[in-house]
Structure formats: structure tokens, C-alpha cells
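See structure below.
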Amino acid sequence: MKGGKSKAKSDNKLAVKKQAADTKKTKKAVKDPNKPKRPPSAFFVFMEDFRKTYKEKHPNNKSVAVVGKAGGDKWKQLTAAEKAPFISKAEKRKQEYEKNLQAYNKKQAAGAAEEEESDKSRSEVNDDDEDQDGSGEDDSEDDD
């Protein structure tokens, strides 16, 4: 039988790759919905205004890419003085974000300390019950 060994090797390699891909998917961290969002940069503050004016001038345009391209070109053409109001708005939002983030981190630290204490008290209560599964049977296996 030709190719039997190579097919087995390739099937084995494929199985290993699938397992690796499956483990990568499960490792993704869950985002906390209460965490404050990062503030927009000066360019994105500019784009908020630019999108409104662009839609007024071009109401039939549905392409996001075209709006983004036009906004990027316009941003590049602006002088530093014209960019200044957007930069200052971005700085204000950044300062507000930093305050919110500090408050969030304090709240998380306080919550973690409370959770740790509750885990300690819970473990003291449940120490006796850890070996019991509620079935009334002994967990050890007998080979009769």
C-alpha cells in the first residue's frame, strides 16, 4: 500500500494544528464592560466633525472607505493651527479618561480584596465537603 505512512503523519500533524488552533481561541480574555473606553486621538475627534459635513455634502455616498480616505487627506492638509482645536479636545478627553480609569482601578482593587476575603471564608466552610460528590458512593475504584 503506497503512501500509508505519509498519510498517517499528515493526519497526525493536522490534528495537532487543529488542537493548537482550538486552544488559541479559548485563551482570549473577556473584556470588562465597565472599564472606561480609551479616548479618541485628535484625528478621530476631527473625523467626528468631518463625517457630519461630508454626509451633508455627499448624501448619496454609503462607502465608509471613501469618507475615511477623504478625511485622511483633509487632515494631512490641515496646518498645526487648524489642528489645534482638535488636539485640545483630545487632550481634555484623555485627562477625563485617566480620571475615570483611576476610579475604575480603585473600584477593581477594592472588589478584588472583598472577593479574596469571601473566597477565604467560603473555603473554610467547604473544606469538609470537597471530597463528597453527593452520590453517597466512595470515589475510590475497586477492581473486582
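Glycine is treated like the rest: Cβ placed from N, Cα and C.
Just so it is clear, the model here is predicted, and its values are computed rather than measured.
Over in Swiss-Prot, the protein carries these features:
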- 1-42: region 'Disordered' (REGION)
- 8-35: compositional bias 'Basic and acidic residues' (COMPBIAS)
- 36-105: DNA-binding region (DNA_BIND)
- 85-144: region 'Disordered' (REGION)
- 89-99: compositional bias 'Basic and acidic residues' (COMPBIAS)
- 126-144: compositional bias 'Acidic residues' (COMPBIAS)
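Same-chain neighbours of the compositional bias 'Basic and acidic residues' (89-99): 36-42, 44-45, counting only residues six or more beyond its ends whose CB sits under 8 Å from a CB of the stretch. Across the DNA-binding region (36-105), the prediction's mean pLDDT works out to 95. In the compositional bias 'Basic and acidic residues' (89-99), helix, strand and coil residues by DSSP number 11 helix, 0 strand, 0 coil.
The DSSP breakdown of the DNA-binding region (36-105) into helical (H, G, I), extended (E, B) and coil residues amounts to 56 helix, 0 strand, 14 coil.
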